[in-house]
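Input: a single structure, listed below in structure tokens.
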Amino acid sequence: MGLSDGEWQLVLNAWGKVEADVAGHGQEVLIRLFTGHPETLEKFDKFKHLKTEAEMKASEDLKKHGNTVLTALGGILKKKGHHEAEVKHLAESHANKHKIPVKYLEFISDAIIHVLHAKHPSDFGADAQGAMSKALELFRNDMAAQYKVLGFQG
């Protein structure tokens, strides 16, 4: 399920757009996640009180967390599939502390692709979307495998 060099290049080119405003992209991804899948909000004590999109847009904490999420993901994507150490660390915190199910990783992957396409339609066409989808699926599969090692049934 690996990606070709060309696909990785599409992923990293798209990610370059994210890096121009990691916090802004991250905030939009989390807003898309929480509005599209309100059940995911229950995993975030810090954000449970945010009920509307306007409240989410006004939240500096949400923006900071979006920055944290996409910074970590960017570091993983730049490893081009050689992300074992990063995924192990992330899976430990997401399984043991945060209890984030793999399904929620699918939801955020969809949100990432949606936000990138909405913000950068001319730079994130079908080929780039397909490559990003494959890269995020690889990440999710590796997270799921690590969850299994940890005994987490997420």
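Backbone N, Cα and C atoms are what each Cβ position is placed from, and that goes for glycine too.
The nitrite binding site annotation in Swiss-Prot covers His65. Among the features that Swiss-Prot reports, O2 binding site is placed at His65. Taken from Swiss-Prot, the feature heme b binding site covers His94, and the record attributes it to similarity to another entry. The domain 'Globin' annotation in Swiss-Prot covers 2-148. Feature annotation from Swiss-Prot assigns phosphoserine to Ser4. Look at Swiss-Prot and you will find Thr68 tagged as phosphothreonine, backed by similarity to another entry.
Locations of recorded Swiss-Prot features on the structure.
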{"residue": "Ser4", "record": "phosphoserine", "Cβ neighbours (10 Å)": "10"}
{"residue": "His65", "record": "nitrite binding site", "Cβ neighbours (10 Å)": "18"}
{"residue": "Thr68", "record": "phosphothreonine", "Cβ neighbours (10 Å)": "13"}
{"residue": "His94", "record": "heme b binding site", "Cβ neighbours (10 Å)": "23"}
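When pLDDT values are averaged over the domain 'Globin' (2-148), the model yields 96.
Helix first, then strand, then coil: DSSP counts for the domain 'Globin' (2-148) stand at 118 helix, 0 strand, 29 coil. Near His94 (heme b binding site), with the C-alpha within 10 Å of its C-alpha, lie none of the recorded positions Ser4, His65, Thr68. For the pair Thr68 (phosphothreonine) and the residue listed as 'phosphoserine', the C-alpha distance works out to 28 angstrom.
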